[in-house]
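> Sharing the features that TrEMBL gives for it:
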| type | residues | note |
| --- | --- | --- |
| DOMAIN | 11-170 | domain 'Thioredoxin' |
| DISULFID | Cys48-Cys52 | disulfide bond |
| BINDING | Cys48, Cys52, His136 | Cu cation binding site |
Amino acid sequence: MIAACSGAGPQAKLPAGGDFILQSADGPFDTQAQRGKVLLLYFGYTSCPDNCSPIYGAQALKRLSAEERARVRMVLVTVDPQRDTTQRLKDYTAYFHPEMIGVTGTVDEIDAVAKRYGVGYEKQPVRPNGSYAVDHSQQTYVIAPDGKLAAVLGFDTPVEKVVAAVRKLL
């Protein structure tokens, strides 16, 4: 079983990663269209009761210059496509950073992307009140401007190291 918001450290061997197209509130989000930018990719969901958010990535973006920020995108892929609509994701990600993008898709599409990135998640049983949790791993996937996965950072990676990982690729 996956601990909610697992803070597992960087993996010795990077997962395959790869391009995907999912839906945002502003239309399709295609990672191929992001070539030339560094992507900070997260997997999570808007109803997470824990602090399972890309806070460090948002703090890292604030430490970058405007020119650097223009070449970076933060992307949250939901692991709860049943509840996370594109609008709900847009509202949620705006809380962390106005330039962050939330994306969703079908269960099969999310499963395929999660598998390529080595992300584990598991929907928990529905409670009597109708709510449920989704246990999920919580790392930052740093994708280089050429579209290749460059690093996987643990949940507790200091902001300075996130900034350094981004700047190394800019």
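Backbone N, Cα and C atoms are what each Cβ position is placed from, and that goes for glycine too.
TrEMBL entries are annotated by machine, without manual review.
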> Look at the recorded positions Cys48, His136 and tell me which residue has the greatest number of other C-beta atoms within 10 angstroms of its C-beta.
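Output for this query is His136.
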> What's the CA to CA span in angstrom from Cys48 (disulfide bond) over to His136 (Cu cation binding site)?
10
> Could you find out if DSSP has His136 (Cu cation binding site) as helix, strand or coil?
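It is in a strand.
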